[in-house]
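Asks: My questions will all concern the structure given below.
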Amino acid sequence: MVYRGFGLEYLSPPEKKAFGELSPDEQGERGAEMVVGFMSSCPGKSVISGATGFALGGVLGLFMASMAYDTPLHTPVPGGMSGAVQQMADLPLRQQVKLQFADMGKRAYSSAKNFGYIGMIYAGVECAVESLRAKNDIYNGITAGCITGGGLAYKSGPQAALVGCAGFAAFSAAIDMYMKSEDGRPPENDFKQ
């Protein structure tokens, strides 16, 4: 028999009710807890980073692809591409626009895939490293950058993997140092009169 007096019943966690037994407010709270729990997990962070990277990469790829058409189509391109450019200029305007939008879509999708892939891998590796080390410091990002950069370049050989590791680690360190630069103590003269 459990003693119920002097507030001792509040020492144990409340009994977990089935979802159907909860009030609408409690169902909303439980749903929000589940969403926050997923977003805080390593797979959740990885999926969110991948989706965000995909969206950002698509916008950036679309912008960069639109810059490829900043010269008139009849202008000769160095390297002997003037024949292909002249053929493009001979097409009707509607066909030219259709081809340009198709090319922009392909470039935007390619950029979106690359950014999404990099974001997903980096976030997953950083979260896993942080979970293994049980620390939140700059070395998690450096390690994740090295693993991500080396992993992306491993098919090109060990030298490329080493350069990718060093490059991603240095970039990650620079970004982390910038982002955490405001976490330090305020300057000595900040609060003096």
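Placed from the backbone N, Cα and C atoms, the Cβ positions cover glycine too.
Since the structure is predicted, the reported quantities are computational estimates derived from the model, not experimental observations.
Feature list, courtesy of Swiss-Prot:
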DISULFID  Cys42-Cys127  disulfide bond
DISULFID  Cys146-Cys165  disulfide bond
TRANSMEM  47-67  transmembrane segment
TRANSMEM  138-154  transmembrane segment
TRANSMEM  159-179  transmembrane segment
Asks: What same-chain residues lie close to the transmembrane segment (159-179): Cβ under 8 Å, and 6 or more beyond its ends?
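Replies: Those are 122, 138, 141-153, in sequence order.
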Asks: DSSP on Cys146 (disulfide bond), three-state: which is it?
Replies: helix
Asks: Under a three-state reading of DSSP, tell me whether Cys165 (disulfide bond) is helix, strand or coil.
Replies: helix
Asks: Provide the three-state secondary structure of Cys42 (disulfide bond) computed with DSSP.
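Replies: Looking at the DSSP assignment, Cys42 (disulfide bond) belongs to a helix.
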